[in-house]
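Report on one structure; see the data block that follows.
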Amino acid sequence: MFLLPRFVLVSCIIGSLGFDNPPTNVVSHLNGDWFLFGDSRSDCNHVVTTNPRNYSYMDLNPALCGSGKISSKAGNSIFRSFHFTDFYNYTGEGQQIIFYEGVNFTPYHAFKCTTSGSNDIWMQNKGLFYTQVYKNMAVYRSLTFVNVPYVYNGSAQSTALCKSGSLVLNNPAYIAREANFGDYYYKVEADFYLSGCDEYIVPLCIFNGKFLSNTKYYDDSQYYFNKDTGVIYGLNSTETITTGFDFNCHYLVLPSGNYLAISNELLLTVPTKAICLNKRKDFTPVQVVDSRWNNARQSDNMTAVACQPPYCYFRNSTTNYVGVYDINHGDAGFTSILSGLLYDSPCFSQQGVFRYDNVSSVWPLYPYGRCPTAADINTPDVPICVYDPLPIILLGILLSVAVIIIVVLLLYFMVDNGTRLHDA
């Protein structure tokens with residue numbers, strides 16, 4: 001009678017010790033409220049136009065093609081669409097956001113604004129851009145692009161100063177020098193307007209170096225002035241180098257309002273596109289899958305640099321990307337990572353996704369959701385789960401009590417039997 005509860009308790013402990021719930025290297029979701037942004041490796045529409053139709057082109061499981069939870073474009077990326085004429089209007093909304101894109105702007109494309117420019121600066125721009133995107137999509141549900149209207153009162157038009165190969169920069173726009181100016185030592189302005197979104201990601205860029213034109217060197221200077229609040233955002237060139245520099249961009253998160261773009265020297269730049277952020281949500285870390293080429297092409301790690309906890313979880317394969325459709329499409333390792341989108345999972349962490357929320361031999365780092373051996377503790381802005389020792393303490397107390405009872409009963413029966421034998 002006394003042994004039954006202890007037997008059940010010990011059986012439960014043994015069962016839990018034999019249960020394995022390691023973190024898995026996948027991206028997943030808590031429920032159906034999720035969205036994926038991608039490129040050709042998750043572009044179902046692109047596969048439909050191939051002849052013959054071949055879903056091995058993708059790393060995404062074809063079962064998700066009709067989900068309505070994917071915004072992907074072959075040959076493109078959010079960064080590429082943000083800055084260049086090669087544009088796709090990425091649009092999506094969800095509580096849990098996943099990104100699997102970025103490979104379509106890498107050192108392989110070798111983009112730089114001028115022949116003496118630097119692709120390294122553009123890789124830096126890419127990292128800064130995705131840092132803002134990932135941070136903000138941890139607190140916003142909706143992402144899309146919007147055009148930014150501007151008014152310039154001069155007669156000069158925007159110019160394609162910054163271009164390389166098939167890529168032509170059009171965000172921000174360069175306003176050409178007025179015909180009556182003999183050099184670039186002049187001040188010029190343009191009005192632009194942000195409306196319809198909660199917040200916007202816009203570029204503020206300068207040539208950070210000595211820009212040579214007709215034997216004269218110029219220092220770039222660009223400002224945005226919020227005419228409603230009086231806040232000024234600005235960049236001035238600080239480098240003295242004359243070669244090997246390029247277009248340095250900062251990515252500002254701005255509210256709706258009326259703005260003035262100001263140039264004190266060199267060409268005026270004005271934003272023409274913005275990332276539109278809408279519908280604030282409870283903090284939910286985004287998930288990013290490494291987007292890279294087969295080793296035959298040069299890739300970068302800028303999405304990994306941008307994706308940092310607690311706002312972002314980064315997933316990567318441990319092997320070279322080797323596709324089955326071609327070397328850059330249909331890799332088994334990345335297909336495995338995306339397979340987690342086929343099911344719900346209760347817990348996310350820096351190490352991976354936990355399939356069960358009961359116990360695990362691995363301590364979840366930066367956990368989110370219903371995590372193994374954990375309880376939800378809600379802080380004002382960042383819901384996290386932390387270890388709860390109460391169940392283990394209770395088990396220890398019960399085991400201690402059980403041992404004491406067994407010892408007492410054994411002593412009692414030993415003494416009682418000894419007394420009976422002595423009396424006999």
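Each residue, glycine too, has its Cβ placed from N, Cα and C.
Residue annotated by Swiss-Prot as N-linked glycosylation site (from the set Asn104, Asn358): Asn358. Per Swiss-Prot, the residue from Cys197, Cys205 that shares a disulphide bond with Cys249 is Cys205.
Per Swiss-Prot, Cys162 makes its disulfide bond with Cys113 among Cys65, Cys113.
Disulfide pairing as given by Swiss-Prot: among Cys197, Cys312, Cys347, Cys276 connects to Cys197. Residue counts of the region 'Esterase domain 1' (7-127) by helix, strand and coil are 41 helix, 18 strand, 62 coil (DSSP-based).
Summarised by DSSP class, the composition of the region 'Esterase domain 2' (267-379) is 16 helix, 38 strand, 59 coil. A Cα-Cα distance of 35 Å separates Cys44 (disulfide bond) from Cys205 (disulfide bond).
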